[in-house]
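What follows is a set of notes on a single structure, which appears directly below.
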Amino acid sequence: MTTARYRPTWDLALDPLVSCKLCLGEYPAEQMTTIAQCQCIFCTLCLKQYVELLIKEGLETAISCPDAACPKQGHLQENEIECMVAAEIMQRYKKLQFEREVLFDPCRTWCPASTCQAVCQLQDIGLQTPQLVQCKACDMEFCSACKARWHPGQGCPETMPITFLPGETSSAFKMEEGDAPIKRCPKCRVYIERDEGCAQMMCKNCKHAFCWYCLESLDDDFLLIHYDKGPCRNKLGHSRASVIWHRTQVVGIFAGFGLLLLVASPFLLLATPFVLCCKCKCSKGDDDPLPT
């Protein structure tokens, strides 16, 4: 008995084999899938695993062609995805797509109550100032800008650690802002929840790296020096040994590039005159008149 992926050699010899750009294997055409938008072709098994992995991890954008050098930068259509994944994975894909649509829709917003998460409609779309939004599911009234409870006559706070549920007051939450389980990305203002682990956070929406406790940017802090001083000292959530190992790796990478450049510099200096001479000879040969 033969599987759908492997067939006898005498059968394979009759069909032309197509190469998959993901696994670099060669398979018959019926075991390959072509993306309609860009016409890039991959083996069905690889493409299926690629799509399932993106959906399970929580895709941030449309599922693009796996080929990084795709000339058309194609994307998989919904009907193509539905043909290759299970029903429960497809259901999760549609849910993620809907959440992203609401996130970027100026007419809609999510109810900030953690037990509700209904979609609310903004009354006045053209209004530039924060407006009152009332959730029809839980009757919570909140600000359209900062998603906190409605605060008439007051400006929006810079950061909101958590949104209170209906019937609760601030006295029920004695935790400091740094200990809040839900915060907003300081760059794109998307809500992020942290259960435990590392305090170096990266927003899935805008890829901004920041400190969970003080919300300071860590985009350029490759060595995580931020956690060596100040109020966030020793709050990274990793052992000192793992931090030292991380820094050693980063320094090693930069040192390796520097050493490579240093070693290659003499060769580049020696090769430059030869390259210039060759170019001069070629240009001189082009200018010489043809013999008569």
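Glycine too: its Cβ is placed from the backbone N, Cα and C atoms.
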Between 185-214, 245-274, I'd like to know which one Swiss-Prot lists as zinc finger.
185-214
Could you pull the average pLDDT for the region 'TRIAD supradomain' (16-236)?
80
What three-state class does DSSP give Cys198 (active site)?
coil
Sequence gap of 6 or more, C-beta under 8 Å: which same-chain residues meet both conditions with respect to Cys43 (Zn(2+) 1 binding site)?
Cys20, Leu22, Cys23, Gly25, Tyr27, Gln31, Met32, Thr33
Can you name the far-off residues of the same chain, 6+ from the ends of the zinc finger (185-214), with a Cβ under 8 Å from a Cβ of it?
58, 60, 103, 112, 147, 159, 178, 221, 224, 226-227, 230-232, 235-238
Top Cα neighbour of Cys156 (Zn(2+) 3 binding site) in the set of recorded positions Cys138, Cys185, Cys198:
Cys185
What does DSSP assign Cys46 (Zn(2+) 1 binding site), in three states?
helix
